[in-house]
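First comes the structure, then the notes that go with it.
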Amino acid sequence: MLSKIRPKVKQPLERIGKTLASLGITPNQLTIIGFLITLLASYEFYLQNQILAGIILAVGAFLDALDGALARATGKVSKFGGFLDSTIDRLSDASILFGIALGGLVRWDVTFLTLIGSYMVSYSRCRAELAGSGTLAIGIAERGERIIIIFIASLFNAVKIGVYLVAILSWITFIQRVYEAKKRLEMG
């Protein structure tokens, strides 16, 4: 769903990307910095500091949104950069949920189902696109939406509700993608 507003925020993000480029920061460095900040958010979730964790998570997610803009601003768009960003996103998702579970904020089984659902959203898109479906950026809970849900829930010390919501929406999104991929791939 957030992918629909991406064109509206592209230009402001690219202006910030140009500023970061003038500081000598590379897109891959920004990806790693964002991940390290996300690890700090995970640690704060472990300590049950939900509000602080949510704020730190938002900073890490914002930097994650900037790495692509920085790559475009510097002409450093690369296949490896896309691979690194996507891979680090999966590690970030796991670390956040791990911190939440380790802190006792959500049961492990719910955390596991949430993580698998989140991974299946990403994996189903990747596999469908490799099979020739075209871009499959559909569904009610892509990664951006999932991060926003956890962020907002954290601000209200309600991360448990946020994780349950992410779990449900991730599985719905996965099913939406399977259905859409089937439709597209059987047509082509």
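Along the chain as shown, the residues are counted starting at 1.
Quick reminder: no glycine exception, Cβ is built from N, Cα and C everywhere.
Pulled from Swiss-Prot, these are the features on record:
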type     : residues            : note
TRANSMEM : 20-40               : transmembrane segment
TRANSMEM : 51-71               : transmembrane segment
BINDING  : Asp64, Asp85, Asp89 : Mg(2+) 2 binding site
BINDING  : Asp64, Asp67, Asp85 : Mg(2+) 1 binding site
ACT_SITE : Asp89               : active site, proton acceptor
TRANSMEM : 96-116              : transmembrane segment
TRANSMEM : 147-167             : transmembrane segment
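Around Asp67 (Mg(2+) 1 binding site), the C-beta neighbours below 8 angstroms that are at least 6 residues distant in the chain are Pro27, Asn28, Leu30, Thr31, Gly34, Gly81, Asp85.
Each of the binding-site residues Asp64, Asp89 was scored by how many other Cβ atoms lie within 10 Å of its Cβ, and the smallest score goes to Asp89.
Report note: the Mg(2+) 1 site is defined by Asp64, Asp67, Asp85, and the residues of the same chain whose CB lies within 8 Å of the CB centroid of those residues, excluding them, are Pro27, Leu30, Thr31, Gly34, Leu63, Ala65, Leu66, Gly68, Leu84, Ile88, Asp89.
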